[in-house]
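Feature list (source: TrEMBL):
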- C:6-249: domain 'Thiazole synthase ThiG' (DOMAIN)
- C:97: active site, schiff-base intermediate with DXP (ACT_SITE)
- C:158, C:184, C:185, C:206, C:207: 1-deoxy-D-xylulose 5-phosphate binding site (BINDING)
């Protein structure tokens, strides 16, 4: 599998993970480690900036792991830019997952505020990965203001519904000049493999690993599925057909006996 | 992952493979070996019974591989029983994939002839794995006459359409007392993972590996996907929901700053 | 719309209906009348053969309505043949919906017993409409023994899931020489329209009308949907495409102003 | 069926139609008239403003028909506002379908420019119906600036793919305080019925009628399907279930005979 170039880094793993909803930080650490994820998103508000012994970060010290602070909880571009600057200081990284979702029920992203914030954050030197609707025009506009990737959603966050926006994801992947990371909605390894087979550059999985009764096994399952999907994409899938073709040609061999 | 008990054998791998349609026997051998498949189906008519140096079998000598002769090409129960006996003699195994498909276009199986042949073959001492429509009642009847497994189809052979019969597969898996092997239609690793996540005991993949421009990489991709799907099934998937739940709880943390 | 030839009758309406599960016989009568259905299935066991004033039949006296007794409740071919003969006597019709479903949970039909009973009933002079899995080979075999139609299921009876077996229905419609009536699973007018657009000759709807809070309005809705789907089939649908085409050509007209 | 209140008008028909792609204006006129559509969109650039005998408008004189000029062909908010003002003068209506799609391949709408133009056009006294991605947050923002409806897409214009964005449409319908009109992608009467069954207030159909070999029959088919879907929505659909329930209760009646 080819490594993924994203921003100023190169990743062996195309599985990005999150840190929310785990039953314990210990389980989170183990699940993320077996997943071999190299980019892990952390909500800024979960980092205790006055506490040297801050709990969650302590569990993300593996040398493979790069932190990706996110702005989850903000509702406007202005709040996002402020949160991003705090995150940069606190976590000493200019990478940022930009999330602006005013809607408390489905946590769907705001396209207007997201574009506005992305433009400003790029100018401020951030490596911006915006979480957005599967909107191909918006994704092009984000790319044009300089985001390092686009992160269209497959379905609402935490819904585990899989790629409900598949046709739009297909167009985004076809048109994008920056990596496409499918984020939100991926609820099973098959969904992750499906996204990779379509040509997504990576996927971000959080809920499906974190709330599984066995997050460590699930982390490993997602690792394998992402590799399987990427491998199949690189090896090229056979096309679907309406009619069957025999797996092996039919002959009249019994008649000959 | 728990090993699979099927007939009188135990399998570590839940990926069964086929031997049709490969560009060369050498590619077939390599793809099957990297797939780590332990049960490999061979059309009886492709085995040259008068030729000691028979080509295809020579490429299936790996100690991990068990042969599963199939009756592809027969149209009736009578022909199937005859073919099965030839296969047992030629390949020295009483395992049999029972395929009776009179229809030359879609190669869909005949339920009546299949049940009749299965009943007779079980009496003759065969370990019978019948290829059938995703018909829950037929699967129960096959189980009752003593087949070692049932092999319902996901879609027409060679169509790569995935699990078109998903709702019926779900019922078959729920009701079956013998292993359920999803056969036919699996065209991508995500389809294989999906079948395993639903609780299928194994999948059989042939066309999708054989006709890929890179069958060796594809064999490996399917191996990983089957493992991912099984692991997720054993670890238990989170349920789908309509509304999103936040990956991490929303707080008014910015207001506090 | 072309009328439907089926058995020895011609139908203007391609919506067949059922009589189970209505809150009252009066509601049933009204819903069926507004649906304009001309073929209405009745479970033999619901007909009180010793009672001249039998309730359910009294409500099906409309001159447009033809009765289609069904064998729901039988488990074997033998029981079905017996029930069919009782029905012929009681209802004075040789039309028969053949239903053999031993499984009490999903009411899925038994392919073996159904074919056996169909063959015998045809010989006994019945117009046989068998309820079956969406199994293209079984449908051909039923046609070969002389059934007047085939009635493949879209999904389990009463599930309202729509056309879960769509790919197999497509093949059945392509191959059948007798009318194809999609039965079971149709839970919304859009499902009925979808079946008709694919080329099904008719649909049978029961639960979705009967259990609606407003069965009369729902009966009318299904009538319209079946007509819409048939009309679109006869007028020919446009094909799906991956890329969009403009609804009207783009011009640089504003530049010219 | 309840009539639809939209802007300052009340509509009996919930099928909106378009005028592009018909083989002739005569066919267009007939198809639209049998469809009973009361709101018909016309691309401003197709109206010859210097020609009293302008062809397309001559064919839309039916007293039932209200014109809905659209801005198809513009790429920015500024162009849209200019086009809208021309349309208002030329067609003597302040109703406007706002379409801004810079992308010439899929004609997908631009969320940023659309919101900006909508806000300005509302201030200028237009009744604005914006064509947008199925983006629930964007739809709320459009509603907040005063659009009379929102018109989320089901799939790319002209693709006939149906409701590819179904999960997002569901959320939009749940949250919207203004009518939701599903626009683009509806390729068959079953798709239109499906949208109405979900609770969409109306659908706009153009390509599927215009490019059918028989647009007049297709216009009628869509009329029926929209009515069927709306009726079912008002009468309330039964819910889907996993397991079947018998259409009529099973009894041991044969045993009693």
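Any Cβ shown, glycine's included, is placed from N, Cα and C.
Here the features listed in TrEMBL are painted onto the structure.
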residue: C:97; record: active site, schiff-base intermediate with DXP; CB count, 10 Å: 28
residue: C:158; record: 1-deoxy-D-xylulose 5-phosphate binding site; CB count, 10 Å: 26
residue: C:184; record: 1-deoxy-D-xylulose 5-phosphate binding site; CB count, 10 Å: 31
residue: C:185; record: 1-deoxy-D-xylulose 5-phosphate binding site; CB count, 10 Å: 29
residue: C:206; record: 1-deoxy-D-xylulose 5-phosphate binding site; CB count, 10 Å: 23
residue: C:207; record: 1-deoxy-D-xylulose 5-phosphate binding site; CB count, 10 Å: 25
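In the three-state DSSP scheme, residue C:185 (1-deoxy-D-xylulose 5-phosphate binding site) is classed as coil. When the C-beta distance to chain D is held to under 8 angstroms, the recorded positions C:97, C:206, C:207 reduce to C:206, C:207, listed in sequence order. Looking at the residues that bind 1-deoxy-D-xylulose 5-phosphate per the record, C:158, C:184, C:185, C:206, C:207, the two CA atoms farthest apart are separated by 9 Å. On the backbone, the CA of residue C:184 (1-deoxy-D-xylulose 5-phosphate binding site) and the CA of the residue listed as 'active site, schiff-base intermediate with DXP' stand 13 Å apart. Nearest neighbour of residue C:97 (active site, schiff-base intermediate with DXP) by Cα distance, taken over the binding-site residues C:158, C:185, C:206: C:206.
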